[in-house]
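Novice: I have a structure I would like to understand better, so I am pasting it below and will then ask my questions one at a time.
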């Protein structure tokens, strides 16, 4: 029964599915002689969503982009770093080809190609990893190696990395096993000295040891939701051998280690090949010559380096590259701020000399591409503060003098009279 007599002439309506009265639910929707409540509608939605997810076709190998297509996609978002893009494109293509065709490898077990990115701050390491995950439509998570400690110590366990990945895909284990994990600041967990210490290094070599199995491939037991607060819950079993791990770091000081190895054996005394300060290799040139022995000397243990067979080095960005980054990528900084101003109905123009000045300032700060946003944000702060309160502004122009702090941005008004009043 969907209705019952409450009193004379009054009808109390009930949900035809769960039997709850109209007073027990938020909304009761009427149909031809039937009613359904909002709770039952929500339950039906959940059931349909679950069924669609189960029957949705899996991506097959034919959808995997080729290395050329991967590289082309990276070009849309990342300026420069041609060698790193090529290395990443091949490594990622081989990794996912291995996953999709593991049964057809003719009994040959294909090895895992985890990646180590070495490059200065702001050179695009994180952006490359994020762009890859977006292209491949796979779960992606970032972890900071500096927060990791061995199990049992204050800090994050390495298993938390997999838990973060699961959270990104609503704890769908199958989906998580095809994901990408980017571990940043990997150079910060290098061994504190060349000689093993008696005291325990829980945030350096200890973390490297803990990451070994995870990166190589193991069955990680991860609590579903709530972690250790709900020990009665069954743990999820995640096979990390299918997850692509990309580790990145600035490796400050590694160039000196490489240089020491390169000049070793050049002799001493009158016959020595002494290089002048100007003749020394640049940071990018040194990074390009990196060998596993250099990383071991830097503080990474040999077993850990062995788990990261693909090494891609990124070059320092020069002023010309920073100018390109400001205006060329699909999500370029100038395009982002132009879109932001467009929401106010105002056109934003950056003149070429302004872009040169921004890039020059970022080079002086030695922050790479990462420092560009803070410079632009500081320059536009007052304008973004005042603009919503001003009427009739049609365009804002930024030139070199604005970046240097010698003048305010030029505001152009729709009405010439308003422009004249402001000038006065």
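Just so you know, glycine gets a Cβ as well, placed from its N, Cα and C.
Below are the features I grabbed from Swiss-Prot:
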DOMAIN    3-56  domain 'ClpX-type ZB'
BINDING   15, 18, 37, 40  Zn(2+) binding site
BINDING   120, 121, 122, 123, 124, 125, 126, 127  ATP binding site
Novice: Taking only the binding-site residues 122, 124, 125, 126, which one has a CA atom nearest to the CA atom of residue 15 (Zn(2+) binding site)?
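Specialist: Nearest in space to residue 15 (Zn(2+) binding site), counting only the binding-site residues, is 126.
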Novice: Quick one: pull the CA-CA distance for residue 40 (Zn(2+) binding site) versus residue 127 (ATP binding site), whole Å only.
Specialist: 43
Novice: Going by DSSP, is residue 123 (ATP binding site) sitting in a helix, a strand, or coil?
Specialist: coil
Novice: Can you tell me how far the Cα of residue 125 (ATP binding site) sits from the Cα of residue 18 (Zn(2+) binding site), in Å?
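Specialist: Per the Cα atoms, residue 125 (ATP binding site) and residue 18 (Zn(2+) binding site) stand 54 Å apart.
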Novice: Between 120, 122, 124, which of the binding-site residues has the fewest other CB atoms within 10 angstroms in the structure shown?
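Specialist: Least crowded of the binding-site residues 120, 122, 124, by Cβ count within 10 Å, is 120.
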Novice: Provide the three-state secondary structure of residue 40 (Zn(2+) binding site) computed with DSSP.
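Specialist: Assignment for residue 40 (Zn(2+) binding site) reads helix.
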Novice: So if I measure Cβ to Cβ from residue 18 (Zn(2+) binding site) and keep only same-chain residues at least 6 apart in sequence, which ones fall under 8 Å?
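Specialist: Within the chain, residue 18 (Zn(2+) binding site) has Cβ neighbours under 8 Å at 37, 39, 40.
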Novice: What other residues of the same chain, not counting 15, 18, 37, 40, have a CB atom within 8 A of the CB centroid of the Zn(2+) site?
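Specialist: These residues sit around the Zn(2+) site: 16, 17, 19, 20, 25, 28, 35, 36, 38, 39, 41.
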Novice: Please work out the number of neighbouring Cβ atoms within 10 Å of the Cβ of residue 15 (Zn(2+) binding site), leaving out its own Cβ.
Specialist: 22
